[in-house]
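Asks: A single structure is presented below for examination.
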């Protein structure tokens, strides 16, 4: 009995859903296009607002909860440490301890080097790996991100700041502007997260980011030549032409051979360590401890041989002690406020893009969800606090996060361990860095940024999308041959240009029938798809807005004209019907409605009937509101292209 019932049900479904081929005696069931229920303005506005800013429905978990439960859930939302901290145990601590110590050995020499990229004293790099990681550990939702200064943001903020203030002549003003920029970077990041505007960073395309990061990596590496070669007088410009001119003009009298030996030797050692770690993940600790090992060995070598007396440039004094307060140094009034705000916003966006991309990458590998808006609030809060404790902009570091991940970190406690080691360094170890040669710091930075040149991603971008490749190369060459800010401007401009091009020039295609079916597809993609005599079928693959409505109308008319000329040349019947397949048209505005109305009037003069196929609920609602459905005729709006073609075929047969 059960089998008979299933069989009869299957037959019933088959007879009601399968469309017979043309000429069949069986009449198919034809459905009319449904009209959505009318919404009032308040409900429509509320639904749009909710989908734009609260698509993930973050308040659903608070439903039917008591007041105390809601308070604890809100506390856990703002401070995830209260959530994962309840189930923290010794096993997790063991993984975090190993990971924290590992990334600390990597971050200390990197921080000293990155602070030089930002034209700041070495201690400020260490400060920025002490306070911000502690705040992120309490507020961040990523288990794997390692927080601290990063090469690209350090170069960016250093480049932008020195355009406003000379870091040598006006050192105090430069430092105050750095803290001001950090403060506004934090405000920007926190505001974007709090207002749930995280989607704004998505406007910087992946291809543009790849190009920008690659160009920045080349620029950063070239900047380190002054340390690796021991050049004292070096250009402040970052473009490759200025840098190479500065390098070669100082070749005869400005290079120091002892510095070159130290720099090249340890660079080779660091690259070898990186190769070993990449070939076998069991040896992830080799590239992690290689930088601190290099610093120790190079420092001992300089101290024993007193190479600093032979022209080898050394770090000299690093201020000892924990972060002093810098609240009084932030500009809240005066001309530097606007400059700090501008620099802060730009740096904030780049820092956010890098951190969120890193967080999502490792979250996918460990199969957990990352809340982008919550991350922005955490990053913003830590930078606000950092600006008040002598830190400059910190964010997620890819190299340190990768080491953190491979070292087996379990929670953000690894950041706390790293911060504790940095604190110990600031309190006790900083005097030992006195004889550290600048060459080794340059070598460490070069080895760290090489990984940012992702040539495999560039090749893939070329294969997939040529427009993306142009954006990638535009950003790359802009950074390398002009400046970091020019490269960033090119990256953003090309990303927006691509969006505008796709919006203003949407794709329209000609559809044909696949023989033996009622399926209609793009004739370019399916050459076997045949045209229906007397009918032209066009599909618009985009919403129809004011920005593209005229183009859609004109392009549709051009399709029609081309098909009319083709039919006339081949002696086929006259074109009597134009069917527009509207399945991909997710929305239409008043300009789009006017464009359809103009198209209808134009076709009427040419004795051609306009027919619409499968308009969506939003489009149908606007057709009803504008009364355009009455002009076109409700009988000329069909659920499928097949129904529309069947109607046209019958009407052509009925008419003499």
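Cβ atoms here come from the backbone N, Cα and C positions, even for glycine.
Feature list, courtesy of TrEMBL:
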- 10-24: compositional bias 'Polar residues' (COMPBIAS)
- 525-648: domain 'STAS' (DOMAIN)
- 1-29: region 'Disordered' (REGION)
- 145-162: transmembrane segment (TRANSMEM)
- 174-195: transmembrane segment (TRANSMEM)
- 207-225: transmembrane segment (TRANSMEM)
- 255-276: transmembrane segment (TRANSMEM)
- 283-304: transmembrane segment (TRANSMEM)
- 343-365: transmembrane segment (TRANSMEM)
- 377-395: transmembrane segment (TRANSMEM)
- 415-433: transmembrane segment (TRANSMEM)
- 440-462: transmembrane segment (TRANSMEM)
- 474-497: transmembrane segment (TRANSMEM)
Asks: Could you give the number of helix, strand and coil residues in the domain 'STAS' (525-648) as assigned by DSSP?
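Replies: Here the numbers are 63 helix, 21 strand, 40 coil.
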Asks: When you scan the chain for residues with a C-beta under 8 Å from the transmembrane segment (283-304), skipping those not six or more beyond its ends, what do you find?
Replies: 102-103, 105-106, 108-110, 262, 266, 269-270, 273-274, 276-277, 312, 314, 403, 406-407, 432-433, 435-437, 439-441, 443-444, 447-448
Asks: Count the CB pairs under 8 A between the transmembrane segment (440-462) and each of 145-162, 255-276, 343-365, 474-497, then give me the winner.
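Replies: The stretch with the most contacts is 255-276.
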Asks: Taking pairs 6 or more apart in sequence, does the count of Cβ pairs under 8 Å between the transmembrane segment (343-365) and the transmembrane segment (174-195) hit 3 or more?
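Replies: Yes, these stretches are in contact.
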Asks: Would you call the transmembrane segment (145-162) and the transmembrane segment (255-276) in contact, using three or more Cβ pairs under 8 Å, pairs 6 or more apart in sequence?
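Replies: By the criterion, they do not touch.
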Asks: Tell me, please, if the transmembrane segment (474-497) and the transmembrane segment (207-225) are in contact, taking contact as 3+ Cβ pairs under 8 Å between residues separated by 6 or more positions?
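Replies: Since 3 or more Cβ pairs under 8 Å link them, the transmembrane segment (474-497) and the transmembrane segment (207-225) do come into contact.
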